[in-house]
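J.: Sharing the record's features from TrEMBL:
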{"type": "SIGNAL", "residues": "1-23", "note": "signal peptide"}
{"type": "REPEAT", "residues": "134-168", "note": "repeat 'PPR'"}
{"type": "REPEAT", "residues": "169-203", "note": "repeat 'PPR'"}
{"type": "REPEAT", "residues": "205-239", "note": "repeat 'PPR'"}
{"type": "REPEAT", "residues": "240-274", "note": "repeat 'PPR'"}
{"type": "REPEAT", "residues": "275-309", "note": "repeat 'PPR'"}
{"type": "REPEAT", "residues": "310-344", "note": "repeat 'PPR'"}
{"type": "REPEAT", "residues": "345-380", "note": "repeat 'PPR'"}
{"type": "REPEAT", "residues": "381-415", "note": "repeat 'PPR'"}
{"type": "REPEAT", "residues": "453-487", "note": "repeat 'PPR'"}
{"type": "REPEAT", "residues": "488-522", "note": "repeat 'PPR'"}
{"type": "REPEAT", "residues": "523-557", "note": "repeat 'PPR'"}
{"type": "REPEAT", "residues": "558-592", "note": "repeat 'PPR'"}
Amino acid sequence: MMKKTNKLMSSSFLVSLSHSITGITCCPPPASFQFHSHFLLFSTNKSNPNPKPHFPYSSNPTHANLQRLLLEKSKSGFDKLDDALAVFDKMLHMKPLPSVYQFAQLLAALVKMKRYSVAVSVFKDICVKGIPVDIVTITTVINCFCHLNRVDYAFSLLAGTIKRGFVPNVVTYNTLIRGLISRDNPAEAQLLFTNLIRFKVIQPDVVTYTTIINGLCKRAHASTAVTLFRYMEKKGCQPDTVTYNTLIDCLCKLRLVDQALGLLHEMIKKGITPNVITYSSLIQGLCDFNRWQDVNQLLSEMKTRNISPNVHTFNILVDAYGKEGMINDAEDVIEFMIQRGQHPDVVTYSALMDGYCLRGEVDKALAVLETTMKKRGIVPNICTYNILINGYCKKLKVDRAIDLFQQMPLEGLTPTIETYNTILQGFFHTGRHVDARKFFKEKMMLNKALTLDNFTCSILLHGLCQNRFVVEALSFFDTMLSAGLIPNICIYSTLIDGLSKNGHLEKARSLFDNLPLKGLRPNVKTYTMMIQAYCHVGLLNDANELVLKMEANGCLPDDVTYNTLIRGFFHNKKYNEAGVLMDEMCARGFSADASTASALLDLLKSQEQNPALLALREKFLT
């Protein structure tokens, strides 16, 4: 009776599901397979659509050998695909046929080999030949469809499964939920989860909850994830280490490290053992805040609990020390990890090189690549080269960066858009705008494999405007629009600033006024650029009105905005107004910057007895 009820619930659920879940878009199927519903010809000879796994021992030597082989390969996979297919062919010709469990083991072996499309094809052959299948086999194929980015096929198979009398279990639905999340459809995954509970199709287990929590964390919905975490506890489902790790990692990435530490203490109190993943996430979070004492405390705690840091843990420390310029500490970590039997990898040394570059010691970073890494047989990757190229460009040694750029293909590496952007920006920073424009036209625009991004456009527009090539900048901007690239607010801000500083205020104002039509909202930087442009030509009323407008639009002025406007008043000899604005700025917790102070000092030197300026000096002194 219970079985029939479950089947009805599943059918009702599926109808609801088909109406509820939308937006699972189809993509072209892999060339290696095509799925058709008529292949889902489950054998009608099965006595139980959901048999329990069993391990019958066969006295037949052939069957016994097969059992041992499949048990081993289901855990590790076959060395070669041809070997797996040869075993499948042999199984089809055996008398009697191997059990459904052994066919499931073969599919599991193919999954271990990541031969998902082959597993689907084998499953179709099994169905066509009328060999009985079970829910474990079907769930394995659903998993394959999810890995092949064909969640739509997975749901079609689910529908056929229920129609033919099979009752999907919690593992089946967990697989579908994970598939939706992996395809960046967390909303559909949540809807599926909600309907599972609503229709009482399954009792969600810790994997179900953890999978949904992971989906929420990927979207940075930490509060909702914590709420679900507490709900699962309330429902009697005990979180495990993976659940806690998922939440802790999310909280650390959102800089909520103290909450994450609270979860660590909670899990220990409940007897749930943290592992190296737990501590690595927390160490990363604490390093982001330079809380070195807390980092050392966690490392000591790991030692007490006999949890050894892995390469990832050490890489976090090397990267953190490098970013803070603590190179000696970073090198000590590498030496320590070698002593502990851990092998530094390309990530380790790239982090060390980045630390050297941040200190301006680019040649030392290069020595790490050419000496240490080569000595240890560690092959550099794109990130390694990008770090060096960026370091040399910041040292204004663009020709050395170009040498590295040309060396990358010799190492079997293809420069990324980040590589090209760095060099382009390097040329502009060194004043070599001719080389920059040539590099862009010959190496970037003509490179069909390269997709220009908004950062590329921002670099080029800024560089052109800075060198007074405004017409060329506008032409490129129009080309960019025609090519279908959608500029972001940073692109518009760059162009607005460039136009206004090159005497094209009306064009800059037109772009600014039309931002809402583009679906963009000016940020504080965009507003400040326009305020500076108005001040430069003496349009102080327009500048004041824009300050009021930005506040009305929910964008509060910052210290740069106030200092820009105050200097505008200085420039236009509106000293009393500057004093009023300075009072307002100080009331909001901001203070005058070095440029504003310097401008005031220059004015005092030339107008020593001006009462308004003397009053401003008093404001500065207090």
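Positions of Cβ are set from backbone N, Cα and C atoms, glycine also.
Each of these features: where is it, how hidden is it, and who are its neighbours?
T.: Residues belonging to the repeat 'PPR' (134-168) score a mean pLDDT of 94 in the model.
Broken down with DSSP, the repeat 'PPR' (169-203) shows 26 helix, 0 strand, 9 coil.
As a summary of secondary structure, the repeat 'PPR' (205-239) carries 26 helix, 0 strand, 9 coil according to DSSP.
Beyond the repeat 'PPR' (240-274), the same-chain residues lying 6 or more positions past its ends with a Cβ under 8 Å from any Cβ of the stretch are 206, 209-210, 213-214, 217, 220, 222, 225-226, 229, 232, 281-282, 284-286, 288-289, 291, 294, 305, 307.
Counted with DSSP, the repeat 'PPR' (275-309) comes out as 26 helix, 0 strand, 9 coil.
In terms of DSSP helix, strand and coil, the repeat 'PPR' (310-344) has 26 helix, 0 strand, 9 coil.
Distant neighbours of the repeat 'PPR' (345-380): 311, 314-315, 318-319, 321-323, 325-327, 330-331, 334, 337, 387-388, 390-392, 394-395, 397, 411, 413; these residues of the same chain sit at least 6 beyond its ends, with a Cβ under 8 Å from one of its Cβ atoms.
Counting only same-chain residues 6+ beyond the ends of the repeat 'PPR' (381-415), those with a CB under 8 A from a CB of the stretch are 346-347, 349-350, 353-354, 356-357, 360, 362, 365-366, 369, 373, 422-423, 425-427, 429-430, 432, 435, 449.
Across the repeat 'PPR' (453-487), DSSP assigns 26 helix, 0 strand, 9 coil.
Listed by sequence, the residues of this chain that lie at least six past the ends of the repeat 'PPR' (488-522) yet keep a Cβ under 8 A from its Cβ atoms are 454, 457-458, 461-462, 464-466, 468, 470, 473-474, 477, 529-530, 532-533, 536-537, 550, 553, 555.
For the repeat 'PPR' (558-592), the list of distant contacts is 524-525, 527-528, 531-532, 534-536, 538, 540, 543-544, 547, 550, 599-600, 603, 610, 612-613, 615-616, 619-620: same-chain residues at least six beyond its ends, Cβ to Cβ under 8 Å.
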J.: Could you give the residue numbers and ranges of same-chain residues that sit at least 6 residues beyond the repeat 'PPR' (310-344) on either side and whose C-beta is under 8 angstroms from one of its C-beta atoms?
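T.: Non-local partners: 276, 279-280, 283-284, 287-288, 290, 295, 351-352, 354-356, 358-359, 361, 376, 378.
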J.: Any residues 6+ beyond the ends of the repeat 'PPR' (205-239) with a Cβ under 8 Å from its own?
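T.: Answer is 170-171, 173-174, 177-178, 180-181, 186, 189-190, 193, 196, 246-247, 249-251, 253-254, 256, 267, 272.
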